[in-house]
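Straight from Swiss-Prot, the features:
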- 107, 109, 125, 128: [2Fe-2S] cluster binding site (BINDING)
- 112-127: disulfide bond (DISULFID)
- 71-161: domain 'Rieske' (DOMAIN)
- 20-42: transmembrane segment (TRANSMEM)
């Protein structure tokens, strides 16, 4: 057998080319399949420039501050759809203004929606009896943690809900939900 001169030998063989093509295709498919998974765990922020999501009422309509305050008296705690569609309490302060924080209504024990009991002035979970004070701090188990907080902002009369990442003012700890 005669040996070919170095200038006649191709730099990449057919097998090497097919291996690179197969690897490139598999990598593209894997990255394409991982995008929805990554987007699920790290969703893009929805909403305006403040990064907030517009609160929605039980019919899915955007909540406005003037409309909400005209129908809800001081001290009222009523549910809206907040972050990720979770039920979130909007609190009407004594000075006829919407409070600067909201309370996520999902119980930290087993995920039931916790109703506000105005007679007892606390949230009482119907599933296993966990109780939370007026600010959502756990006062009686079996729930291990306080209810999650959200920021409430008013922008051009729209009520915006955004993630609470600062220290939890009720406990002085880092927020467990952030």
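Note: Cβ is positioned from N, Cα and C throughout, glycine not excepted.
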Next item on the list: Would you find the one among the recorded positions 107, 112 whose Cβ has the most company, meaning other Cβ atoms within 10 Å?
Entry: 107
Checklist line | Residue pair residue 109 ([2Fe-2S] cluster binding site), residue 127 (disulfide bond) - Cα distance, angstrom, rounded | finding: 9
Item checked: Averaged pLDDT, computed only over the residues in the domain 'Rieske' (71-161) -> 87
Margin query: Quiz question: given the binding-site residues 109, 128, which has the greatest number of C-beta atoms lying within 10 angstroms of its own C-beta?
Written below: 109
Notebook entry, point to check: Between residue 127 (disulfide bond) and residue 107 ([2Fe-2S] cluster binding site), what C-alpha distance do you get in Å?
Noted result: 9
Margin query: Rank the recorded positions 125, 127 by how many other Cβ atoms lie within 10 Å of each Cβ and give me the one with the fewest.
Written below: 127
Note to self: I need the neighbours of the [2Fe-2S] cluster site defined by 107, 109, 125, 128. Which other residues of that chain put their C-beta within 8 angstroms of the C-beta centroid, in sequence order?
What the structure shows: 108, 110, 112, 114, 127, 129, 130, 142, 143
